[in-house]
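According to TrEMBL, the protein has these features:
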- S208: active site, nucleophile (ACT_SITE)
- D381: active site, charge relay system (ACT_SITE)
- H412: active site, charge relay system (ACT_SITE)
- 80-132: domain 'Partial AB-hydrolase lipase' (DOMAIN)
- 135-253: domain 'Serine aminopeptidase S33' (DOMAIN)
Amino acid sequence: MILANSKYLIVQFFMGRSLQSAVCILILIDTVFANITDNQLTPEERSFDNDGNFISNSNAIEKWIENHLFSYDPDTILTTPEIIRRAGYPAESYTVQTGDGYLLTMHRIPNDTGYPVFLQHGFLSSSADWTFTGKGRALAYLLSDAGFDVWLGNYRGNTYSRSHIYLTPEFHEFWDFSWHEMGIYDMPAMIQHVYNYRKLPLIYIGHSVGTTALFVMAANRPDMHDKIRLAICYAPVAIVTHWKSPVRFLAPFARTFEFLSVITGYKEILSRNPASNLVSRWLCSWLRIQQAVCETIIFSQVGPDYSELDLDIIPNLVAHFPAGSSSKALLHYLQVHNSGQFRAYDYGIRKNLEVYHTIQPPVYDASQMNVPMFFFYSLNDWLAPQQDVKSFYNELPNKYGIAEINYRSFSHEDFLWAHDANTIVYDQTIEIIKSAINGSKY
């Protein structure tokens, strides 16, 4: 009865609110499950310290959730390499160290004779993004089928990149990063790794913050320009003046959030843990009413698209998304929205003078981003509105092309999740890649 009532309350809570409210519920449930007691667990689920005292660790909690609350498709607990292998492809993993000490995991569908293509996920995501829609439709598989050597990146702080040479995720210092550091450190480290391995300038495909960090790198690391043959940007995010997502309602409070972060330290947000797994697996289960709730939460942030989302992928999607990041990355986007400028993180006058030697943070100079770029944007994207995308594209010095997804319902995440993304976006993407490799204009 308690569980049933809790489910009802959670549904009521989520139906009228968006993702920022969901964060509060996840924190609450985190607290509840952190206090699961000894007598609620079977002997097989218990963990003890050397003195025989019960430890309520994450493995025990996860086991208790799995055994007592619901059953689920075992496919949802696979890692990205396991998902790839299950689809019938080989998979490899590599560890890449950044210049500031983070250890990133890269995944690969190898083809030593194929041209290297590097896929980079968006905010709160992981390498699993490129596999969600399955064999014959997901971009990672289509590229492999077309003969390419496919590399999948993972930014610092997500499910696969939670290590550092001396910090752990328990330290606030671990989470002191935004997409600026992803562009300054993560992108160059991963691109250099692929370049060292294959000795070829790669094709880059990024989605959302996978484009933002690319722009940061391109503006600040001219030494990386010749290592990219072409960058293809899905739902590119730089200027965000015309946001339609409810996330924009947090923007007026950005300075307050920054003040609190200075006091308490930057935080991890929306990571994978037993509590979030519990909510997402139940909330987005195969029951239609629960899927409707899940869709409402997702679409409230990125733009509504009930016709494009493949409902069959929802259980697998929510098992891997969100994959965690830093609150500072979200704050950075809010600052950019407020300022109307694509610029570095604003610490306030005093620290700006220490870090940048200027009162205002420096603007990322688009004229210095001398990497060939092709943009894809959609009309229903609340996080990458067409006005902002076109405005930024016009500032670039090395334009390769721009394409509008002429489907009114196609939204921000449909570049990854749409059931027909293969015919709407990916087929054209592969043709663009082939043209770039052959040295011709698409």
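Glycine is no exception: its Cβ is also placed from the backbone N, Cα and C atoms.
Please treat TrEMBL annotations as automatic predictions, because they have not gone through curation.
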Exercise. Could you tell me the C-alpha distance between S208 (active site, nucleophile) and H412 (active site, charge relay system) in angstrom, no decimals?
Worked result: 8
Problem set entry | For the domain 'Partial AB-hydrolase lipase' (80-132), the number of residues DSSP places in helix, strand and coil | 12 helix, 19 strand, 22 coil
For this session: Fill in the CA-CA distance, H412 (active site, charge relay system) to D381 (active site, charge relay system), as an integer in Å.
Result: 5
Seminar exercise, completed: the residue listed as 'active site, nucleophile', Cβ-centred 10 Å count of other Cβ atoms over all protein chains shown, is 28
For this session: Taking the Cβ of D381 (active site, charge relay system) as the centre, count every other Cβ atom within 10 Å, in any protein chain shown.
Result: 28
